[in-house]
Amino acid sequence: MRQRTVVMYVEIGCFVSCLCGWVLNCSTLATEYWVISESASVVLSAGDYYSNLWMDCVADTTGVSDCKYFPSMMDLPVFLHVSRALAVVSVIFGFWGAVLALIGMKCTKIGGSELANARVTFAAALTYMASGFCGMIVYSWWGEKTRSEFVDPYFLELKFELGAALFIGWGGSCLLICGSAVMGYFSGRESFPKRFNKQPRKPPTYMTARTRRTYMLPGSSRPSRPTTVIIPPSHQSYSQSRGSRASGGRRGTQESHSVRPSLPPIDSAV
């Protein structure tokens, strides 16, 4: 009972961690500051340029910002298409992970048996982990692309720096991965107990109570310690049959020697 209570509180903590990570990942989709660039070479033309998955924005020194969506979806690079797809998949996986976790956790008591709840919770952990990895791929890809363009001396276009959304996404993805890993460990132990509680296999033996015999080996260095010799059943039966035949033969010889025919005396015959 105590172990069940500990596992229940661990599941609640992991669920809260995964839920917070999912909320952080969702907030990055609406955040405009994925990458940012500041241009202040001339005071009159100073401004901030920033963009995200959906639009490019510019803000001047007066605080007025203007955003423009990408004009054509078919004209976008493959990098942007894949990033959008992975970000949306991360959000969808996180939603279904929350639904499965609420059904399978021990504190909700919605599912059926303990084994069924543990397996549903394990499925929720896997879904959360997929959500975290999808988000981590998106934010790491954006960060690496921004860094490589910034340090490239032959890149003549406007250079950007890492925005706040990437750091929020990294934090949310780490919460998702860590929480789902711990949840999957504890729920997996209950879902598949035979794989986690492996017992060493014993080799097969033919030894029975009849085949155990204790003998004193002659000429042993330790004559006081008995030595157990295992005799196979077939050899034991053969030895017994052979011994019985030998004893029967000796018994017959003794009887033949003891019983002799009585011959009549010579005088009486004459």
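Each Cβ is built from the backbone N, Cα and C atoms, and glycine gets one as well.
Record features, source TrEMBL:
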REGION    196-270  region 'Disordered'
TRANSMEM  7-24  transmembrane segment
TRANSMEM  78-104  transmembrane segment
TRANSMEM  116-142  transmembrane segment
TRANSMEM  162-186  transmembrane segment
Spatial neighbours of the transmembrane segment (78-104) far in sequence, C-beta under 8 Å, 6+ residues away: 11, 15, 18-19, 21-22, 25-26, 28-29, 53, 70, 110-111, 116-125, 127-128, 130-132, 134-135, 137-138, 141-142, 145, 176, 180, 183, 187
Intrachain neighbours beyond the transmembrane segment (7-24), with Cβ under 8 angstroms and 6 or more residues off its ends: 91, 94-95, 97-98, 101-102, 105-107, 121, 125, 128, 131-132, 168-169, 171-176, 178-180, 182-183, 186-187, 190
